Every structure is written in structure tokens, then in C-alpha cells.
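Listed in TrEMBL:
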type     : residues : note
TRANSMEM : 32-57    : transmembrane segment
DOMAIN   : 48-305   : domain 'G-protein coupled receptors family 1 profile'
TRANSMEM : 69-93    : transmembrane segment
TRANSMEM : 113-134  : transmembrane segment
TRANSMEM : 146-167  : transmembrane segment
TRANSMEM : 194-215  : transmembrane segment
TRANSMEM : 244-268  : transmembrane segment
TRANSMEM : 288-308  : transmembrane segment
REGION   : 337-362  : region 'Disordered'
COMPBIAS : 346-362  : compositional bias 'Polar residues'
Amino acid sequence: ATTAVAEMHTFTASETNSSICDLYEHKDTARILLSVFYGSILILGVLGNTIALTVIFKNRKKINSTTLYSTNLVFSDLLFCIALPTRIAYYALGFHWPFGEALCRITALLFYINTYAGVNFMTCLSIDRFFAVVHPFRYKIRRIKYAKGICVFVWFLVFSQTFPLLIQSMSQEEEERTTCMEYPNFEKIEHLPFILLAACLIGYLIPLGIILFCYSQISCKLFQTAKENPLTEKSGINKKAINTIIFVIIVFIICFTPYHVAIIQHMIKKLQHEPLCTEKKIFQKSLHYTVFLMNFNCCLDPFIYFFACKGYKRTVLKILRRQVSVSISSAARSHHEESSRDVGETQMTVLAKSSNGKLPEK
């Protein structure tokens, strides 16, 4: 038993101290999957958020607190989409960044702005729905000037959290590649586990707690109101509020939970002992795929606007119907012109043959 323990300690020490630990051994698979995944996010994100922005612009005279928070959410998603082409190229090149340190820092900044602006504005939307249903007479918090002030504060908070990224080196030279915005590039930062655990608390756990609280209070209020007056159960405001928060919770669970769970469990492990090479590889691989899920939120955010904002569905359907109508009329016109051209050509052939004294055979 003593020999087995000694061998195990020897293996652990050799694995931990080994300088050869390729954290990118999955690059051949990742370069295909992540390039395709982020390419899809770019297309869907730009399309969905552009439609949402078009609808917001068409209804700009009817702007309210809900629309304002949704607009900021859409804007943060479009900012993130600007950074995606270079990120796609990075993955396609097998985790190699040829664009320089400055662009790496800007990409990292846009990435984290999108993440935490998204979290904060989803929280604002949930609080907005909470006041709309549970405390409808406390309308001051939902006035447009108060909502503007809250948006300014959220952006200030997001920039104060992410600005240090501009002064922190984001890329790292390795033997075969230059990596950008990868966890090993930050590993030497002092007290890193405590910093990341605090970030998870402020940027994920507290907002999730607020959103769940808002959802529970709205559900209780709707249940109580439905018991007292069954007609209010069909209220559009109530239905809109519950749909908005349910979708926000779904986005949180699908997009943000896997990434933050991966970070929390690895940082707790890191506080207990130095992770082995195998553990580092598993964590690195999990980060690449959980970060993709987190970024997928920019494709889902337009649906939050769909549930939150009155008239959005009607306006989108109107735009789509108009587009389909234009396509059908264009196709019909093209078909009509083609038929007319065929008839004209046939008539010309008949006339030509008649002038030569030959009638077409029947």
C-alpha cells in the first residue's frame, strides 16, 4: 500500500511539474466546431438584432423603460458582433492570433462588455416587469428619465469592470501560436481565484438571485390577483411580464450557467491544490464550449424584446409580409414578362414563316 501511495505521489509530482502540457490538443476539432458555431452566431446575431433595432426605430415615439433597456441590450449585442470576424479567424487558425496585442485587448473588451451589459440589462428588464405587475403605482422607477439614468449607471458599471482589460496583456506567445484571451494568459495574476469568484458573485449569482426573486413575486401576485378577479388573468401586461421573465431565466440557465459553474468549481479546486495537467486540459476545453454558449445569448436577446415590447411581433410580421409580398409580386412580374416574351417570339416566328410561304405544320 505504501509503494502504491509513493508511486501515486511520484506520478502527481511529475504531471504537475511537467512543462509540457498542451492545453490546445483539441484544436483540430475546435477549429472546425468553433468556427462554425461563431459564424452562426455572427449571422443570426446581426440579423436578429438588426430586425429588433429596425422595430425600435419605427416605434421611437412610443419609447418606454422596457424599450430603453431592450435597446441597450441590442446595442451591446451588435458591438459584440463587430469583434466576431477576428475571433472566427482565431479559431480557424487553430488558436493563433495574428492581429496584434491592441486588437486582442479591444476584442476582449467587447466580449466582456457584451457579457456583463447583457446580464445587467436583463436584470433591469426583470425589475421593470416586477414594478409593472407587483407595484404598478410606484411608477417613478419606470419613468423614462429614471430609466435613462439607470442605463447610464449600468454602462458606467460595465466599463469600470472591463476597463482594466485595456491595460492587461491579453495575448501570449507560445511555440506554435500566439494565443488571445485564453485563461492561461491570466494565470499569473495575483489572487486570481478570489478575483474570478468575486466576478461570478457580482456578475452572475446576484443578478440571477434578483431575477428569480422578481419571477417569484410576479407569479405570487398573478396567482393572488387571479383568485380575487378571474378576468385579470387575461391581462396583456401580466402575460407580457411573466413571458419576459421566464425567457430571461431560460437565457440565463442556457447561456450563463455552464460558464460560471466551470469557473467556480475550477477556482475552488485551485484554492485547495494546484490543478494537474489533466484537470487543466478539461477546464480549458470546457471554457471554449461554455464561452460559446454564453456568447449565444446575443442570438436570443431579440426574443426577449419580442416578449417584452408591445407591438414588436406585429411590426416584425408586417415587415416580413411586406417582404414576402414584394418577392411574390416581383416573381409574378418576372413570370408575366417571360410569358409575354415567349408569346412575342412565337408570333414573330409565325409571321416570318408566313412571309416565306410556309405555314407551320399542325
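The backbone N, Cα and C atoms fix where each Cβ goes, glycine too.
Note that the coordinates shown come from a computational prediction; the quantities given were computed from them, not determined experimentally.
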Of 32-57, 69-93, 146-167, 244-268, whichever stretch has the most CB pairs under 8 A to the transmembrane segment (113-134): 69-93
Per-region confidence, the domain 'G-protein coupled receptors family 1 profile' (48-305) (mean pLDDT, whole number): 87
